[in-house]
Amino acid sequence: MSKAAARTHFRALRAEMDPERRRQEALGITSVLLSWLGEERKRTLTSVLSFGTEPDTAALLETLHGLGHRILVPICEPGRQLSWADWYPAVPMARATVAPIDEPVGERHGVEVMDDVDVVLVPAQVVDPAGGRLGQGGGYYDRFIASLATRPTRPVLLAMVYQHELVPEGSFEVGELDQPVDGVITAAGISWIGPQRTV
């Protein structure tokens with residue numbers, strides 16, 4: 001299935017989900033992530049601020065922050081690049097200049113901040129067992145993940161989707177520039193691509 005056709009198909013499936021099921025799966029993702037992180041030390045994670053029918057990250061971010069973890073969220077920059085801003089409850093927000101979303105006001109960090117990041121929660125529409133990921137089509141995260149090759153350390157990349165969005169290989173087209181993730185987190189648990197990662 002072409003990327004365009006796959007996006008249309010999987011967006012429709014996501015839109016058809018019962019809102020209560022979406023809510024329950026988002027809570028399940030939070031529970032799975034917290035269990036995996038453990039309580040030994042505070043960590044730095046990145047996550048999108050969810051939009052529309054994406055797995056809701058509001059409770060997740062509140063919980064992580066409340067436990068003392070540092071949260072960074074992506075900022076869409078010109079040239080389909082990402083920078084990063086600190087998130088905390090009640091952080092001042094303003095309309096983005098590049099995308100029709102609200103973003104935190106404050107200092108922007110470049111890719112060098114990834115040297116301090118333990119986990120990147122990667123947005124996706126669907127993911128396959130090889131780590132292939134179908135995003136929204138902007139290419140922001142593929143460029144970002146590719147840029148991590150130049151860093152001395154690399155965070156764990158976990159795609160966050162609903163349970164039915166972990167799909168068989170061949171369900172969508174994967175191109176040469178598409179960057180794989182290390183694992184997929186759903187309400188059912190973490191499915192690792194290759195060796196299990198720890199932080």
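Cβ atoms are placed via backbone N, Cα and C, with glycine included.
Taken straight from TrEMBL:
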- Lys3, Ala4, Ala5, Ala6, Arg7, Arg133, Leu134, Gly135, Gln136, Gly137, Gly138, Gly139, Tyr140, Tyr141: ATP binding site (BINDING)
- Leu49, Glu54: substrate binding site (BINDING)
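Positions of TrEMBL features highlighted on the structure.
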residue	record	Cβ neighbours (10 Å)
Lys3	ATP binding site	16
Ala5	ATP binding site	11
Arg7	ATP binding site	18
Leu49	substrate binding site	17
Glu54	substrate binding site	19
Leu134	ATP binding site	24
Gln136	ATP binding site	15
Gly138	ATP binding site	12
Tyr140	ATP binding site	21
Reduced DSSP assignment, Leu134 (ATP binding site)
strand
Quick one: of the binding-site residues Lys3, Gln136, Gly138, Tyr140, which has its CA closest to the CA of Glu54 (substrate binding site)?
Gln136
If you measure every Cα to Cα pair among Lys3, Ala4, Ala5, Ala6, Arg7, Arg133, Leu134, Gly135, Gln136, Gly137, Gly138, Gly139, Tyr140, Tyr141, the residues listed for ATP, what is the largest value in Å?
20
Assigned conformation of Leu49 (substrate binding site) - DSSP reduced to three states
coil
